[in-house]
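Structure record follows, encoded as structure tokens.
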């Protein structure tokens, strides 16, 4: 979530999620315990879960967790417990969760929110607040101490979300995929393109690199277009390596996705990357999303870096200039 710190107030301005049935298809009552790094998006996560239909409680004392869960009766719960919480202990929280998971009527999951040290420091600088574990010391000291303290919880979490590169909309989309209450047990797939120069999406479950395909960037007529435009799509689709690659990709996914679903996974992110995130990856991601829909999956599609401003293009490599002079028709 670059650009602004995560707070309940900033999350309130995002599009609301869709609340639905109280229980998922298996009939168990959902309980989501939200923890993680201070500044990593805990408040935003609780607000998003509340919009999905959960009753949200923040900064609950650990000693009250079990009592609250059973006093809530039929309601799905989202409970924030983190290092600010009075009597907080990672080991004690894990013991409480194990005890709750022993109840057959509950589906208890641990959600861990985090971000990189650089992003966390920037968020604290923007809010001018001290770190809760380093009130009279530099913020980096508090971040390092908290990350060490929370290692057991991160390792035990069913869902880990790194918000470093995510917008609030992205976080809400991921939370909706993992924790929706519509009773639909099927696997939802989100396909996104991205630029390697801006980093691999941290939320991706599967990543595929299409930088081996011929790059439309070197054709001046195609450079300002995107992989959603027909001329670029035709250019990439004509690459002799594309048909075999796409066939192998779908052959891999065809048996893999049902296995994910059988293991209880409800949300899967597939990321397709190229250098600039505008041509090859966009076309391939769009093509893959269409194939997945044809297979009956519920599919979301995004293109992370499509509208990102890029630096001025570098000169074409010498071999590309020679080839262009000799066979200009191949690069129109």
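Backbone N, Cα and C define each Cβ position, glycine as well.
Now, the feature entries from Swiss-Prot:
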BINDING   82, 83, 84, 85  GTP binding site
COMPBIAS  10-22  compositional bias 'Low complexity'
COMPBIAS  302-312  compositional bias 'Basic and acidic residues'
COMPBIAS  322-332  compositional bias 'Basic and acidic residues'
REGION    1-27  region 'Disordered'
REGION    302-332  region 'Disordered'
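All features noted in Swiss-Prot, drawn onto the structure.
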residue	record	Cβ within 10 Å
82	GTP binding site	25
83	GTP binding site	20
84	GTP binding site	14
85	GTP binding site	20
Cβ within 8 Å of the mean position of the Cβ atoms of 82, 83, 84, 85: remaining residues of the chain near GTP: 35, 38, 59, 81, 88, 132
